[in-house]
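K.L.:
The structure under discussion is supplied below as structure tokens; questions concerning it will follow.
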Amino acid sequence: MNIDGKPYRTIWLGSDGVSAEIIDQTKLPFALEIVTLRTLEEAAHAISSMQVRGAPLIGATAAYGVALAMREDASDAGLARACDVLAATRPTAVNLRWALDEMVAHLQPLPADARVAGAFARAAEICDQDVEACRKIGEHGMGLIEAHAERKKGETVNILTHCNAGWLATVDWGTALAPIYKAFDKGISVHVWVDETRPRNQGASLTAFELGAHGVPHTIVADNTGGHLMQAGLVDLCIVGTDRTTANGDVANKIGTYLKALAAKDNGVQFFVALPHSTIDWTLDDGREIPIEQRDASEVTHMTGQLPDGKVETVAIAPPASRAANYAFDVTPARLVTGFITERGVTPASREGLSLLYS
Ligand SMILES: CSC[C@@H](O)[C@@H](O)C(=O)COP(=O)(O)O
């Protein structure tokens, strides 16, 4: 997608051919800073510190992390160590494990002296495949938005989204936002309710940034607003992403997603989840088995923002003696999800729905 008219992906091969470059998302929306990753440790740090985040982009960065590791040690032991280091960065997004498995399957049969080139090539392929999957998610999901536009006889379609599942969370296009971009580009009148998404505010800082850069009308709302908007008839459909979807169709996504799904159910509002195949965890039968990341409590007790003089600062918003808990994800049961928007089409959120597309 474009920023100030210039096309970007979220991660790409460095100009030296042996590094990876990323947009540092901890600096958005206040500054566009590109960071070069040269080592396994730098790639792991980029994921754990959330310079890159969003399930598909975590996977893509891990793939490049393996490539960077191969430069230092392309032995079987080096490959295993790289996977261990990267797998420990963030526990919930299954795209991480998926990408590591892909890299191992590709590299293990190669002799050590072919692994660096092989790893960079496979990482680039994983990125290209993610772009294509998200583009197709956009095509399939656009039809759902178009149906609302027809029902409303061309009146604006209001879509609520949570966290950031746009192009910044993937390599390009996004999952939940891809259908919105496709609809907007087709001339359908859309407006997006952007949940701020405490504690890290990915909605206010990233979703609003990328929708604004594309010219998509949007309004940031405090996280607790969605239920009220739905009761007032101001939401036509919800579309969110997911970090891990189990074989029965349960969906882990950013904390607060479950409450939005409950409100949607109570108000008869459609609640769609957009995902590529790399987000499906076929090894887990039920969402209750998904590991839920708990992050540092300081993300809850502190907030980062920009002062009028342009300086970005982090300030406390809670009494220093109070304890805080920071659960990063929750699980929405399949029964609350209207359907999945995938690169293979739209399908019911159930074991049967998934196997219709992926068996
Ligand atoms: C296409 S991204 C899907 C999810 O990864 C997204 O909705 C999300 O919850 C991201 O969480 P984050 O903690 O910012 O990595």
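One-based numbering along the chain as shown.
Keep in mind that glycine also has a Cβ here, set from the backbone N, Cα and C atoms.
Quick paste of what TrEMBL says about this protein:
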- Asp243: active site, proton donor (ACT_SITE)
- Arg53, Gly54, Ala55, Arg90, Gln202, Asn253, Lys254: substrate binding site (BINDING)
- Cys163: site 'Transition state stabilizer' (SITE)
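Tell me what's around each of these sites.
P.N.:
Secondary structure at Asp243 (active site, proton donor), taken from DSSP and collapsed to helix, strand or coil, is coil.
Cβ contacts within 10 Å of Lys254 (substrate binding site), excluding its own Cβ and spanning all protein chains shown: 27.
In this structure, Cys163 (site 'Transition state stabilizer') belongs to neither helix nor strand by DSSP; it is coil.
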K.L.:
What other residues of the same chain, not counting Arg53, Gly54, Ala55, Arg90, Gln202, Asn253, Lys254, have a CB atom within 8 A of the CB centroid of the substrate site?
P.N.:
Ile58, Thr92, Ala93, Cys163, Asn164, Ala165, Ala169, Gly241, Asp243, Ala328, Phe329
K.L.:
According to DSSP, does Lys254 (substrate binding site) fall in a helix, a strand, or coil?
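P.N.:
SS state of Lys254 (substrate binding site) = strand.
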K.L.:
In the structure shown, with every protein chain counted, which of the binding-site residues Arg53, Arg90 has the densest set of Cβ atoms within 10 angstroms of its Cβ?
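P.N.:
That would be Arg53, with the highest Cβ count within 10 Å.
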K.L.:
Output, ordered by sequence, the same-chain residues six or more apart from Cys163 (site 'Transition state stabilizer') with a CB under 8 Å from its CB, or 'none'.
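P.N.:
When sequence neighbours closer than 6 are ignored, Cys163 (site 'Transition state stabilizer') has Ala169, Asp195, Thr197, Gln202, Gly203, Thr207, Val240, Gly241, Asn253, Lys254, Gly256, Thr257 within Cβ distance under 8 Å.
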K.L.:
Nearest by CA distance to Asp243 (active site, proton donor): which of the binding-site residues is it, out of Arg53, Gly54, Ala55, Arg90?
P.N.:
Ala55
K.L.:
Please list, in sequence order, the residues in the chain of Gly54 (substrate binding site) that are at least six apart in sequence and whose C-beta is under 8 Å away from its C-beta.
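P.N.:
Spatial neighbours, sequence-distant, of Gly54 (substrate binding site): Ala93, Asn164, Ala165, Leu168, Ala169, Thr170, Gly241.
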K.L.:
Give me the count of other Cβ atoms within 10 A of the Cβ belonging to Asp243 (active site, proton donor).
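P.N.:
Asp243 (active site, proton donor) is surrounded by 32 other Cβ atoms within 10 Å.
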